[in-house]
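Engineer: Sequence annotations record features per position, and here TrEMBL assigns active site, proton acceptor to Asp73. Here TrEMBL flags Arg14, Thr74, Gln156 as site 'Important for substrate specificity'.
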Amino acid sequence: MQTRTLMLASASPRRAELLSQIGVEFIQQPVDLDESALTNEPPKAQVLRLAAEKANAAWLQVEGTAQVVLASDTMVVLDNQALGKPRNAEHARSMLQSLSGRQHEVMTSVSVRDATRQKTLCVVTQVVFGPLTAVQIDDYWATGEPVDKAGAYGIQGIGGQFVKSINGSYSAVVGLPLYETVQLLKEFEVMS
Ligand SMILES: Cc1cn([C@H]2C[C@H](O)[C@@H](COP(=O)(O)OP(=O)(O)OP(=O)(O)O)O2)c(=O)[nH]c1=O
């Protein structure tokens, strides 16, 4: 039984699917935010700040439609540099080239808040890519899959074939770490 009503502050269909997958009921509302990094901001600090800011922005718009708000942010991090969503084909190509044959980290933060408190956490997962050829990268861009995804790939889709190994949370790479999300939703009495 769900005791408190939840808003998912996100435009992401992946996050909605993941939350639905574990039987949570929610309303979904996107928030618009400047996601650029602050000067000298480390990727982990950025990903934590963005989830918290998304939750706070949504809270201002919630107007009684939900008692609890959940927001999240995902970033691909290579050599301590954050790779966001690709701006264009060239940007996607260079991101995928840089990920080829190497390990990177996917950082996904979750922030949950209600009227009196807020909790934000970050889950870090190591992902190893096999080597990618220029043809593979071009063909992948042509599928349209990379366009709205951090690091220009989706592990849950065609991009799954590039992933040699993963150490951490699969659901976090897709966009929402389910284990940690459930802990937070229990703490905020959305789940029992
Ligand atoms: C690495 C990776 C990212 N992604 C997605 C998850 C996120 O939706 C997206 C990263 O962008 P985010 O800015 O985290 O999220 P979003 O803009 O899609 O949605 P919102 O901010 O409204 O919540 O990349 C995948 O779907 N699969 C993957 O393997």
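Along the chain as shown, the residues are counted starting at 1.
The backbone N, Cα and C atoms fix where each Cβ goes, and this holds for glycine too.
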Engineer: Return the count of C-beta atoms lying within 10 angstroms of the C-beta of Gln156 (site 'Important for substrate specificity'), excluding that atom itself.
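Structural biologist: Other Cβ atoms within 10 Å of Gln156 (site 'Important for substrate specificity'): 17.
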Engineer: Would you mind reading off the Cα separation of Gln156 (site 'Important for substrate specificity') from Asp73 (active site, proton acceptor), to the nearest angstrom?
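Structural biologist: Computed Cα spacing between Gln156 (site 'Important for substrate specificity') and Asp73 (active site, proton acceptor) is 17 Å.
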Engineer: Could you state the CA-to-CA distance between Arg14 (site 'Important for substrate specificity') and Thr74 (site 'Important for substrate specificity') to the nearest Å?
Structural biologist: 12
Engineer: Provide the number of Cβ atoms within 10 Å of the Cβ of Thr74 (site 'Important for substrate specificity'), excluding the reference atom itself.
Structural biologist: 26
Engineer: Translate the DSSP assignment of Arg14 (site 'Important for substrate specificity') into the three-state scheme.
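Structural biologist: Looking at the DSSP assignment, Arg14 (site 'Important for substrate specificity') belongs to a helix.
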Engineer: Quick one: give me the count of other CB atoms within 10 A of the CB of Arg14 (site 'Important for substrate specificity').
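Structural biologist: For Arg14 (site 'Important for substrate specificity'), the 10 Å Cβ neighbour count is 19.
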Engineer: So, three-state DSSP: helix, strand or coil for Asp73 (active site, proton acceptor)?
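Structural biologist: Looking at the DSSP assignment, Asp73 (active site, proton acceptor) belongs to a strand.
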Engineer: Around Asp73 (active site, proton acceptor), how many other CB atoms lie within 10 A of its CB?
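Structural biologist: I count 27 other Cβ atoms within 10 Å of it.
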Engineer: Would you identify the secondary structure of Gln156 (site 'Important for substrate specificity') according to DSSP, in three states?
Structural biologist: coil
